[in-house]
Structure formats: C-alpha cells, structure tokens
Amino acid sequence: MPAPHLQSYKNRAAKHSNPAARALLRCMEAKKSNLAVSVDVTTTKDFFDIIEAVAPYVCLIKTHVDILEDWNPGVTTRLQHLSREHNFLIFEDRKFADIGNTVALQYSSGLYKISSWAHIVNAHPVPGPSIITGLASVGMKLQEERGLLLLAEMSTKGALTIGSYTVEAVRMAREHRDFVIGFIAQHRMESIGLSGTDDVVDEDFLILAPGVGLDSKGDAMGQQYRTPTEVVTQCGCDVIIVGRGIIGIGRDIDAEKVKEQARRYQTAGWEAYEKRIVTNQLLGE
Ligand code: S5P
C-alpha cells in the first residue's frame, strides 16, 4: 500500500478508523479544499464576518475562543450551525499541556466546554502519554466525531519540537491511534522513530501545517511561512493552516478581500495536492 500522502483524500476517508478524520477527509474531497483558516480575532463580529466569508472555501475553521473579548455561549452554537450549513469541521487550537486530570476538565468544562462543539483539538506531548489518556477519557465517550492532534513540530524559529521530542510525540500517537488522528507538524511523520523492520502500513496520520503564506516569509515574532507547494507537494502535509495571509493584519476586516484570499489559498492548496497525487499516478502507484 502506498504511503498515505501518496493516496487520495477520498481513499483515505474510506479507510480511516476515526470518525473525525473520516469526516475531515470526506469534506476535503467534497469541497476540493485542504484549507484551514485561523480566525485569530478578538471580537465576535469580526469572527463571524470572516467565517461567513471563507466558509465556502475551507474544510476546517481553526479557533482560539479564549481571545474573543465578547465571547458568549451563543458563539459556539452559531459556529456549529455554520459548520453544518457550509460543511466544515471545527478545530479549537487549545494546545492542552497539563496532566491528564486537568486537561480532561479543561476540555469538558469551564466557560467553553470545548468537547461539546470542537471536532478536533490539539495538545503538546510534553506531559507524556497521560495527556492523551485524559483527553480521550472525554472525547472518546462522546457519540460525536472527535479527534486529537499532537504538536510534533512547531513553525516558529528556534522551536524545541525537534529531534527526540518529535520522535516521542509520534510514538505516543502510535499507541493511541483510535483518538490521535495526526499532528501539527511541518513534514510527514511516517518514517519518524522506526527501525527498518517496523510495520506501519495501516498508519494514516493527518498532517496539519501552520506557518503558510504566499506573500510573506514570516513575522516579527518568530513565525515562519512556507508556500502551499513547499508544504503540501514537497513535504507531504495534508492541510494548510492560514491565518493572517487570509484575514489580514490591520484592524478592519474587509470581507471581500478575505474571501478573495481564501479562494486564492484554496486553489493553491488544492493544486499542490493534485500535483502530489498526479506524480504518484505517473509512478504507477
Ligand atoms: O507551530 C504552530 C502551531 C500552531 S497551531 N504554529 C502556529 O502558527 N500555530 C497556529 O497557527 C497559531 O496559533 C496561529 O493561530 C496560526 C498561524 O497564524 P498565521 O497568522 O501566522 O498564519
């Protein structure tokens, strides 16, 4: 069987064992989009103006709900409604990083009750496998599409997510493949941490890559950008995560501009994916 990044999203959707991963891959195929938009704004007006503008072009909306200054429970109700109406999944970029008991409470409870509305969340592997156990104790109990991404590599200059840290992240994920659906990373992870004899043929981790920009190489705070071609065609990542490249940097949201940029990134991301798949077909896979 060819490596996951050489197979179509459609084939992978048919085979994936986790419902959230299946739903995401199906949505990507249906909308011809491997674009996730990071809606990093501080008012619910801007938040929904952006989501309504980009909804037709995305497979995933990535949120940081804790930066919304006027958050209220209606926000997540409306977000779920838009997710169904426009066929996209919701990823709360919470980056859990505590002991199992604490992350289970952070995921299920408090103001945000993240597990009740986010299809996908992420966690730093730093506490070890207990962080997965804690989150899975909530997510796996729900009769809903729920999955977890581990942060195996970060996009920022000088990130410590390298070498043995990344290897251990992948090992942890392999032990919990029912709930861990993939990684926030910059490359594919199949070859990480294997001796030549290990068998991983049925492993299909999704790679979601932040740090994507068509017009800029980085910001003044250590962020680093690569193009969709570098990320998807060359490094085999599955989803491009784009924030400021689409939503802009200024204070005012221009919905027409946001829509135009979303369309541009969707096209670039999908062309980069098709290039990867066509190359594979030419090789006779
Ligand atoms: O390594 C990472 C991991 C994440 S989830 N680097 C990142 O930039 N992110 C997130 O992706 C970050 O929190 C932000 O929401 C988004 C990138 O935003 P942009 O405006 O730089 O595209």
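Note: Cβ is positioned from N, Cα and C throughout, glycine not excepted.
Note that the structure is a prediction, hence the values are computed from the model and not measured.
Per TrEMBL, the feature active site, for OMPdecase activity maps to Asp93, Lys95, Asp98. Residues or ranges marked as substrate binding site by TrEMBL: Asp40, Lys62, Ser155, Gln223, Gly243, Arg244. Annotation source TrEMBL lists domain 'Orotidine 5'-phosphate decarboxylase' at 34-265.
Location within the structure of each feature annotated in TrEMBL.
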| residue | record | contacts (Cβ under 8 Å, 6+ apart) |
| --- | --- | --- |
| Asp40 | substrate binding site | His64, Ile67, Gly243, Arg244, Ile247 |
| Lys62 | substrate binding site | Ala36, Val37, Ser38, Val39, Phe91, Glu92, Asp93, Ile241, Gly243 |
| Lys95 | active site, for OMPdecase activity | Asn122, Ala123, His124, Leu151 |
| Asp98 | active site, for OMPdecase activity | Gln106, Pro127, Ile131 |
| Ser155 | substrate binding site | Gln186, Ala209, Pro210, Gly211, Gln223, Gln224, Tyr225 |
State which of the following binding-site residues has the fewest other Cβ atoms within 10 Å around its Cβ: Gly243, Arg244.
Arg244
Count of other CB atoms lying within 10 Å of the CB belonging to Asp93 (active site, for OMPdecase activity):
24
Filter the recorded positions Asp93, Lys95, Asp98, Ser155 down to those with CB closer than 6 A to an atom of ligand 1; keep them in sequence order.
Asp93, Ser155
For the substrate site given as Asp40, Lys62, Ser155, Gln223, Gly243, Arg244, which other residues of the same chain have their Cβ within 8 Å of the site's Cβ centre?
Ser38, Pro210, Gly211, Ile241, Val242
Helix, strand or coil at Arg244 (substrate binding site) [DSSP, three-state]:
helix
In the three-state scheme derived from DSSP, which category covers Ser155 (substrate binding site)?
coil
Report the largest Cα to Cα distance, in Å and rounded to a whole number, among the residues Asp40, Lys62, Ser155, Gln223, Gly243, Arg244 that the record lists as binding substrate.
17
